[in-house]
């Protein structure tokens, strides 16, 4: 029941060595044995094989460079050893791979979900562009909120707020934390070429570039400055608010009278700004300021200096102030438009009634179009004198 060796091996023209071609799917050695130990199991009898290029040493390293996070380190614990990761230049290759994956997923959501819904709504060009933008961001924010909440809960960052600044610098990251940051950077980097693929109007490009760059700066800053734990909490708050906003906008495009979700988002938006500022000041301004290792050491990933803390706090506070100013400006504009519409409705004058036209009637009354005298007799007709 064992397959012939020709299925596994092919010799070089000189016969000096042989290299594996295929290996069994169920093979526990994954082609390392070159097929000599291939099991004659179910997969072997069925002839189910995969190319050993996926299992070769050179090609496997190249594939793992694109697919999996790099720079893994075994960290000893009380019970055993755990594998953690730190960042490095090879992360750019992984991010590039997931940029292409995100572009494909973006096209799938657009083709099979958003386009079918927008055809039924019969939207204008402006609303159609905003509908596509909000639809994509609803899917992304929902998945990111669920993923981020799972990571925060499993790592214990919510139950222990001190972990946001204790043991800084947080150089070694768990797999799910590093993979989350790589996917976040890949998504916001993929949004740049999507501006061309989606044929976004020139008037909308500056606005979208603003929030894309804002997300990239904050996510990359938290990742490179080893503030990943604080960044996860802040992203969870921000994505929750953005998910509510874009959901409200989708419901508004379906029914323009539906504005209840906008009121809920307006209430949540201000509270979220307050929480983000409080957490940033608490973790950076007070938590890191009381740490003992306050020295600038990029090799060890330590950026806990007064200048770095002030720069990070200024960046976070400036971003939140800018978002709050835009929010207040848009709310004032909407309220102004609403009151102008209401005052215009009140100023519309009522249509004046035309006065009744006085008709001079002859003496007597009319009956069937004939004038009757007061005593019931018809009046005499006047005779015209001949000239």
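The backbone N, Cα and C atoms fix where each Cβ goes, and this holds for glycine too.
TrEMBL annotations: computationally assigned, not manually curated.
Your range for transmembrane segment, going by TrEMBL and the list 306-328, 329-351, 352-374, is 306-328. Listed ranges 135-159, 235-259; the one TrEMBL annotates as transmembrane segment is 135-159. If you count C-beta pairs under 8 angstroms between the transmembrane segment (179-197) and each of 95-114, 135-159, 209-226, 264-286, 306-328, the highest count goes to 95-114.
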